[in-house]
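Database features (TrEMBL):
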{"type": "BINDING", "residues": "A:D107, A:L108, A:T109, A:R134, A:Q150, A:D154, A:R303, A:Y307, A:Y308", "note": "L-histidine binding site"}
{"type": "DOMAIN", "residues": "A:35-400", "note": "domain 'Aminoacyl-transfer RNA synthetases class-II family profile'"}
Number of protein chains: 2
Amino acid sequence: MAPVAMAYGRVCVGLLLGRAAPCLRALRVLSGMTVSQGTRDYNPKQMAIREKVFNTIIGCFKRHGAETIDTPVFELKETLTGKYGEDSKLIYDLKDQGGELLSLRYDLTVPFARYLAMNKITNIKRYHIAKVYRRDNPAMTRGRYREFYQCDFDIAGQYDPMIPDAECLKIVYEILSELDLGDFRIKVNDRRILDGMFAMCGVPDEKFRTICSTVDKLDKASWEDVKNEMVKEKGLSEGVADQIGEYVSMQGGMDLAERLLQDPKLSQSKQACAGLADMKQLFSYLQLFQVTDKVLFDLSLARGLDYYTGVIYEAVLSQMIQAPVVAEQNGALPGDEASVSVGSVAGGGRYDGLVGMFDPKGKKVPCVGVSIGIERIFSIMEQKAEVKKVRTTETQVLVASAQKNLLEERLKLTTELWNAGIKAEVLYKKNPKLLTQLQHCEETGIPLVAILGEQELKDGVVKLRKVASREEVDVPREELVEELKRRTSKLP
Amino acid sequence: MAPVAMAYGRVCVGLLLGRAAPCLRALRVLSGMTVSQGTRDYNPKQMAIREKVFNTIIGCFKRHGAETIDTPVFELKETLTGKYGEDSKLIYDLKDQGGELLSLRYDLTVPFARYLAMNKITNIKRYHIAKVYRRDNPAMTRGRYREFYQCDFDIAGQYDPMIPDAECLKIVYEILSELDLGDFRIKVNDRRILDGMFAMCGVPDEKFRTICSTVDKLDKASWEDVKNEMVKEKGLSEGVADQIGEYVSMQGGMDLAERLLQDPKLSQSKQACAGLADMKQLFSYLQLFQVTDKVLFDLSLARGLDYYTGVIYEAVLSQMIQAPVVAEQNGALPGDEASVSVGSVAGGGRYDGLVGMFDPKGKKVPCVGVSIGIERIFSIMEQKAEVKKVRTTETQVLVASAQKNLLEERLKLTTELWNAGIKAEVLYKKNPKLLTQLQHCEETGIPLVAILGEQELKDGVVKLRKVASREEVDVPREELVEELKRRTSKLP
């Protein structure tokens, strides 16, 4: 591998559209010096942004009284079997090296349901932030990461209808507002309304789920394309498809739920009526939670996963960002979905049957939850944060010296600062130049320097310098720790 | 699967020594309702303890000015190849589902070296906290977890000798002190001293690493057993083994390094002298860092991994805990190593050659680092923390009602509290009993209750109750948020 190829090795993954494959092969020669396809490292600046985003999200989850749990990164293969429908082909399996058959977790919801059943837990409000794994075919779904974070919040338990569901939406609202990502909408619908609507329009029972998947494409495809799939691929009559078309174009709030309860067709479906009555109830709680300005009852929202049984929702950012650049910086493949639109950043719903699939007696535990899709939020935050200015350490003071032969004094003082809980650094050189030490502060954003010099040592003082203003003041050696404690307690 | 078997399903893994296998098979029948062997879930109480431990460790890393990075959970198989010697057989491979050959990371050090080489980074001080994976054979190594956390701190870069090395030891000292795990010792040695000693005792060059592995067993085995292995399995003469035996019984501080520099045999080895001179230098910095009271120069310390090139160290807790109980609670297999002694809780050393293995020109980046083994620390902390008293949420106020039909008022008030950043909960029942609400506070440790009642609504007040003392006071409705902000700012 020639060093020149190395130099642009990373860049070409992102930039040479259509030539990614040979380029990846070239990288491969470097005996394992790259990451695997669809994964990425987080550098210190990305980690600083990630920490900020996580703190906001975890802060919200804690404000709502949630506990947290953790589960292993791999589960027994059978735990995941039969939970994801067609998407099962995207599950990563581990090699059979003797012993159990294992798979990497595909989401956090199935491990949560397994955890509840295994420990016989019937009610809990928990969050779980962890990475999940999907062998997405880059040629098909275009560069979603294969390893990505999910931030899940779920409420399990038998409660009065729609109160926990409304809290999940409140949480999405709070998090997206606090992260300050621009305007957003939270679309809600209900699987029972969709199913009732399908039944009343004349869709055969066995086609509910597959027609649901087709409707789910409406956020990316036109009605013509969706109708085409319904008629030509899924075998609905044009009349049936057109009736569905009328419904899925409807959007509104509590008023729409009320109107549809009077709809001659829908009102004949018990399921649809149950869903619509709950939707009214949901909106009444959302009003109390002061979030109705961003919530939209949208009959075209379907969600892909099989396990939802009631309310479903999805949050979408209005802002379109110049995603290709960000995606490439992160090592995503060209043609990334994010380059089209930011799209959905959170989704979830009610799944009352999943825990029962793990219980020997089929005992159900009703659950509702939401998953925040953090990768897209990272990309936006990275664009917003002028990345150059993001600090990657929290160091408050650099202990520096103005002359040679002061290493011992520097280490002694640094020790005092560490022992007092002050975040301090010292350069690992016996005789660093003062300029080098000051440059280190400028580059990494350290706000204060404690400078030791021969004269200062004689006088029993330390020169304390503010990096930004270059102000200097002599502080008696024995007062330095207290003075620094005072000053650093005011730092961000 | 009968429910009765379920009921003791978890327990039997830990308790029925020698009968674990059939018991595990019985669990297997539950169609994926258990976790895979050697892994475990963390429940909310364990997570609360884990968060506390991580905060201490991360706080220390940040105090020393470290940045953080993250890498994918799997690497290209070739990245890990040839880095772990005999332990390579413990690496988890992913199934070949078409595409690249992947393996789960075995530690955080090799991915760190890959990251440095790939991004051409020549100096960084970073920490990385993440799970690593080892297919330990339970029959052999007795129940170490197969998925476990490592907390790594490393300093990469060309610096003046022993300053970064000393800071790593300072960090171990600070963390173990702050976690308050009882007395501990940090043993240090140097690969060059070991190699020089082997050479001078007459061990053939090609046997250095294998004899090193044998010496490494001295913390668990007697000298007789170790000598036996050297002579009978590794083919050393008894005379050579006895010479080694004399050295590896030596322990001390800087004085020992000075004495050995005069040792007629060792002083003939250039390598050993370099290591001993550095050891003296190291101790002089450790004195400035005020940590020599716990650090011991110990010639029997060898460390297993191949990639160390200089200073090596290992921290050991003096305290012997009743580990079997804890280990079983955590789902570890019987006969867990922890049941013998707590043993090592941190280890590391200098590895100046590893980054060069990933660079096309073999360009080296000197590194030194330490890895904190968190699982054992968790076990001890779990025992120490009277687990029943550990809070798993941070909720400050429960919004409760004294009579029926006050759900709307409760939700409205809760919304106000959330919007003001106060951590608040409300029960998801339309008409919960006051007693039920107060019991929820007692059980989960919520310190305050805001009680709404018909009389209070009429009077425009809310009854604020301290759960612990049962003190109650009426607060005007419009002053409640401010009053709660005042009170909760004082809460831990």
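In case you wondered, yes, glycine gets a Cβ from its N, Cα and C as well.
TrEMBL labels come from automatic prediction, so no person has curated them.
On the structure: features taken from TrEMBL.
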residue: A:D107; record: L-histidine binding site; Cβ within 10 Å: 20
residue: A:T109; record: L-histidine binding site; Cβ within 10 Å: 23
residue: A:Q150; record: L-histidine binding site; Cβ within 10 Å: 18
residue: A:R303; record: L-histidine binding site; Cβ within 10 Å: 22
residue: A:Y308; record: L-histidine binding site; Cβ within 10 Å: 23
According to DSSP, does A:R303 (L-histidine binding site) fall in a helix, a strand, or coil?
coil
Reading the DSSP string in three states, the entry for A:T109 (L-histidine binding site) is helix
Using the residues the record lists for L-histidine (A:D107, A:L108, A:T109, A:R134, A:Q150, A:D154, A:R303, A:Y307, A:Y308), what whole-number Å value is the largest Cα to Cα distance?
21
